[in-house]
Every structure is written in C-alpha cells, then in structure tokens.
C-alpha cells in the first residue's frame, strides 16, 4: 500500500515508529506537512485535487493517490489538517481518523457532550459565555477546581485553582484575552494519577498509569509524569472503547480517572503519542495500527 502521514514534525518518535512499521510490513509511507498543502475544488473531474509545496522556492506539485491517510498533526494545525483530510475523504481515500472525528476530539467541550450523550461518565463540567460573571459559576462546581482551555493538549492550558476566588481571578484574566475555559470537578481522591488506554478499533491494545511528580497534579508525560504498567478490568476497557466510538474515532488515546463515583473519562485524544505507552507496555502499537489500516483500507477500496 501507499500511505500518507500528515505530520508537521516527521522526526517525532510516533511518526518514525509508524513509518518503520509500515516499511517492515512492505508499505511505502510519505510524511507531509498539511500546512504546505493547497486544495482545489473543480466542477470538472478530478473534483478534489491536493497540491504540495515543499518550500517557498519550490514549485507545487499534484499529490498522487494514496491507499490510506494517517493524521498526526498538532492542535495548531487542526483547521488546515482537517481540511486536507476532508479533501482525501472526497476522493474516497480511507482516513484514520476521519476529519469529523478529529474535530470532535479537538474540541474539549463538544467531546464531553458527545461522551455524556452516549452514557459515558465524565467529571461535572461547566462552560460559560463571555457575558457570564465568573463568580456566578462558583456554586455549581467543586473546589478545588480544574480549569482547561478548550483546545489545549499535553497538559498545556490546564490549571488547578485551589480556592473559589482563585478560579474567578484566573477565568477573568483569560476572558480578557478572549480565551474560553471550561471548569471541572477536581477528583481529589485520584491524587495525581490517571490512566491512558490506547484503543484501536474495538480493542484496548495497551494501557499505562501516569503519575504526576514533585507535587504536579497533571500526570501527562510531557509534564514529567512517571508511567507504570496497569491492568484494567473488562468493564473499564469497555468504557474506553465506548468513549472512542462516541467521538467517532478509529484510533484514540483515552484518559481515565478512578473516582469515588467510579471510572470517569477525562479526555479522548485523536493523535495519541506512542513513545511512553510502547515503552511502558512493551507492545508494538505502531504495528497494530498498520495492521488495522491494511484491513480497513482494503474494505474501503471494495
């Protein structure tokens, strides 16, 4: 197969592992930056054309057809990356994950709405309009409170407000910059630990526990969190699979937290990193992803 990965940083561990796995299984993979693409719609066939310009000095060229596309772009490239995905979808190419699912996952509030609508437990959460006074929301959420920007990743834009007035001050400061924030209950009993599940299709292929270090409440590996192996029950795995399906994703990193009320879904990541979970679990996740693409790209082509 001829595969395309949409990625701005081809040297990243995850991108290199996926390219190695594809090559090992006899496939060719190109890695291209979606921000170097331009898209053309035409009434005459071919209706969907994608051109690529390597740099400001080079001449754009028309991209050839691919059997499958893997989106691995970050939050700053979501809009253009998903537009490129939509163009490939228009051409009938199998995309892992779809553009709509990617957009769902990148919007934290919409993700929570979709999860709760599907009956999946999430922390109590609030989102308020720009004209709502921050003080008015305080009685409706726990203290301490977690504050999150709507489009952050890797723990960036996540703040713990220890006291109600601290939450008010932080929200009012962000409001001045037109950045919306959601509020969530702080799950104190979980301490500084959460669980990452790697879901492919209808299977949890790997899990790990992440533990924040040196008083850091965020357990994200990018924030220095320590990882260790963890075994989940079938019921807990099923929640991760259901969360992935609720967002519409084929492949996802699902973040879970154990609370007094049971397991809660914190977030569903459309482009989860491979490095720490592969090293912690010892599982070749990259090969599992390529296997999934082989099957589904073939089904899509029939």
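Just so you know, the numbers here start at 1 and follow the chain as drawn.
The backbone N, Cα and C atoms fix where each Cβ goes, and this holds for glycine too.
The average per-residue pLDDT of the prediction over the domain 'ATP-grasp' (112-294) is 89, rounded to a whole number. Among the features that Swiss-Prot reports, domain 'ATP-grasp' is placed at 112-294, with the record citing sequence analysis.
In this structure, residue 185 (ATP binding site) is part of a beta strand by DSSP. For residue 185 (ATP binding site), the same-chain residues that are 6 or more apart in sequence and have a Cβ closer than 8 Å to its Cβ are 123, 124, 125, 141, 142, 145, 146. Annotated ATP binding site per Swiss-Prot: 148, 185, 186, 194, 218, 219, 220, in sequence order, evidence recorded as sequence analysis.
In the three-state DSSP assignment, the secondary structure recorded for residue 255 (Mn(2+) 1 binding site) is strand. A 10 Å cutoff on Cβ-Cβ distances gives residue 255 (Mn(2+) 1 binding site) a total of 21 other Cβ atoms nearby, all chains included. Annotation source Swiss-Prot lists Mn(2+) 1 binding site at 255, 267.
What Swiss-Prot lists as Mg(2+) 1 binding site is 255, 267.
For 267, 269, the entry in Swiss-Prot reads Mg(2+) 2 binding site, with the evidence type sequence analysis. Residue 269 (Mg(2+) 2 binding site) falls within a strand segment according to DSSP.
Counting Cβ atoms from all protein chains shown, residue 267 (Mn(2+) 1 binding site) has 23 others lying within 10 Å of its own Cβ. The annotation Mn(2+) 2 binding site is assigned in Swiss-Prot to 267, 269.
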